[in-house]
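This report concerns only the one structure given below.
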Amino acid sequence: MFYSRTAVCLALPFSRQKVSGWEYSTAIFVFYNSIAFIAIAWWQLSIYNVAKSSNRIMSKRTKQDLTLARRLFLVVLTDFLCWCPVGILGKLSTKQGNLTCPGLYRCQQSTTCLLFDEVCDNIRQCPHGDDEVGCDVTCPIGCSCEGFIFICHQKKVENIFLDLSMEVRKLDLSSSLFPNNSLIVPAYTYLAELKLFNCSIDNIMPYTFGQLMNLLHLDLSNNKIKILNSYTFYGVTKLITLNLKDNLMLGIIKPNAFMSLPNIKDLELSGTRIIKLFNGTFNGLGNLETFNITGNGLTTVEENVFDVLVSLLTIDLTQNDVTIFSLDIFSRLSHLTQMKTDSYIFCCLKPKSVSAENCYPKMDEFSSCSDLMRNDVLRICLWIIAINALIGNIGVILYRIIYEKTLLFKANWLFIMNLGVSDMLMGLYLGIIAVADMYYSGNYILHDREWRDSLVCKLAGILAAISCEASVNFIMLTTLDCYLKVKFPFGGRRITYKTAKILTFLCWVFVIIIAVVPISYSSYFSNMFYSRTAVCLALPFSRQKVSGWEYSTAIFVFYNSIAFIAIAWWQLSIYNVAKSSNRVMSKRTKQDLTLARRLFLVVLTDFLCWCPVGILGVLAMTGQVFPPEVYSWVAVFVMPINAALNPFLYTFSTMKQVRSRDDVLKSETSDDMFMASAFINNLQMLQMKYITLRELFASRKLTVKESIRLVSQLTAAIAYLHHRYLTLCQPLSLDTLAVFMDKKTIIRLKVISEIKDITTGQDTDQDIDNIGQITKLVLRNTRKLPEV
């Protein structure tokens, strides 16, 4: 093999794998050549000194020799430059370092590597002769063996132990069967690695591993161990890694179970059922560096449990529900560099050695260790918006109930009232969050879980969801009502008051169901829908697809987007009507357009508030990441601010447009007469007395002036309708005509009837006939003038 080490048939000693003959190759190509070049360098230096001596008298022959020597120097220099790397690399390859021999056998305490064909060939080639040790070892039937490495899967261990060499170094008994499922291991004093994966072991007696004094790695994962007694691993002082993963029945680890494990670096306890860690559980693990106890359902950590783990670098407590612990749980872990938990509260209790970047989970978008709302600017905005939304919308409700009784039976009035109620609920939600922030100020993180799981937080989340969706729905209904009034000014397609009541009821039922469903189906929502964040909102802004994210996205992104598309379409149609300058519009149609313009401001602000929610929701679905501050500003400021603005945009801005009683009395145009007589549209008329003509005639006779006023107002009202191709749904009679009285003075006439489009000429003829009949009755009930 000397010249066949490489494809170019060279035996240069460059490889760290010390194959046969490497000593000979190194002696010739490194050491001998190095000595030769040292001699050549010495002689060249002497020749240089002779040439440098200018005082010396040299013969012609000597000068010729020096010239030859100079030319030889170039040859020597090039040879040296070529062979110098050979010597250096050869020397470096003799250093042992972290030598590995991929596909070869490495001799013990040596840099020599052998082909496996040269192991156990009755020729000692390793310096210590270990290539011929253990060559007579018998491999048990059904096992795979390589030197002192034995791999025996799905076997009966009592048969394996009978044929197994006591010099075994690595033993893999995965999926094998132990008698009575109890672990018993003979005294394999040379054993370094023992793998007992999935062996159905359910019982390990104390001191079981005491005779395995050289054991370095122990794998007991995926067994049925129920309890680890004190001193279970006593005596295995050289153990480095211990794997107890996926022992689904392991629920108790008694104090001192890990005693006498001073060298262990890695402890794996994930996937077990340990719900409580007792004080003294980790005694003996002073040099432990990595600890994993994920997915246990751990709830309780007694005081000072982790204090003995003074060398711990990494701890993973995720997928647990730790609720009982001391505030100094990690105070003694001065070398800890990374923490993974399920709650940010533990990051608030971390030692100084752990940086914020290496502590998980990350800080909540809203809260900090001390405050529910960590941003002072957001805290101020929260209070301002909450107060404005509450007071403003309560003012809207009271104003419309007290001062707009004349509109009580209008669909638009009903929708605006309910919009105010929904916006008031948003103010109530913000008030709850603001009060909670003030209540927990200074030590919020200690109450974080308590707050999120509380009924108050769930109630706040439900109020926010109801408010958001009800606001969108009532704006949509109000826009639809305005659209129908403007599009069909002569009646026909209208939302009647009765229909409006039904739609309002269905709307509230719909949004309440939407809000309550997440707390009713805990199997899908994991009872966490409203407790994702400290502000109890379930907006779908996170890349993490937590339980219920599909529901949240469907409601807050897709449903609201469809609603605003419909609103935008109706608003565009209204705009087209307003833009049509050639169209003859009635005064009522103009009022509807004015109403629609005011509504446009409400729609625009709602759209500007909800647009970021929809955009961020879609981006979150595609996996985009945005700063936590974006979430907090959108959730606390951008989204709810429309609840505070709507009262000012829709109601308070129109109060100055209400006409006084005197203005109504002074109105002389037929249009004003009709609007005053056919509809109650003046606030001060609420204080006037209302009676029908039949009741009036039964009480007294009319004066001539009163009779003329009544007949003229009735004629003007009917003429106003006919001019716009409208007529009454009910015929005129003493019961469908009413008057408003101020003291004993008749002020205005009102026609009590719905309005419809004129379909035939008979409709107008009938109205005219009815006017004649009413006029006769009025004249019969008029006092006769005194004779002159």
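Placement of Cβ uses the backbone N, Cα and C atoms for every residue, glycine included.
In TrEMBL, annotation is done automatically, which means it is predicted and not curated.
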Cys101, Cys126, Cys135 - which one TrEMBL pairs with Cys113 by disulfide: Cys101
Cross-link partner of Cys120 (disulfide, per TrEMBL) out of Cys107, Cys135, Cys139: Cys135
The transmembrane segment (631-652) vs the transmembrane segment (414-440): 3 or more CB pairs under 8 Å: yes
Sequence-remote partners of the transmembrane segment (505-524) [C-beta within less than 8 Å, at least six residues beyond its ends]: 418, 458, 461-463, 465-466, 469-470, 473-474, 477, 530, 538, 547-548, 551, 555
Packing count at Cys120 (disulfide bond) (other Cβ atoms within 10 Å of its Cβ): 16
Cys135 (disulfide bond) and Cys113 (disulfide bond), distance between Cα atoms, whole Å: 18
Spatial neighbours of the transmembrane segment (414-440) far in sequence, C-beta under 8 Å, 6+ residues away: 371-373, 379, 382-383, 385-394, 396-397, 400-401, 447, 451, 456-457, 459-460, 463-464, 466-468, 470-471, 474-475, 477-478, 481, 497, 500-501, 504, 507-508, 535-536, 602, 636, 640, 642-644, 646-647, 650-651
Cβ-based contact of the transmembrane segment (556-578) with the transmembrane segment (377-402), 3 or more pairs under 8 Å: no
Disulfide-bonded residues compared (Cys101, Cys113, Cys135) - highest count of Cβ atoms within 10 Å: Cys113
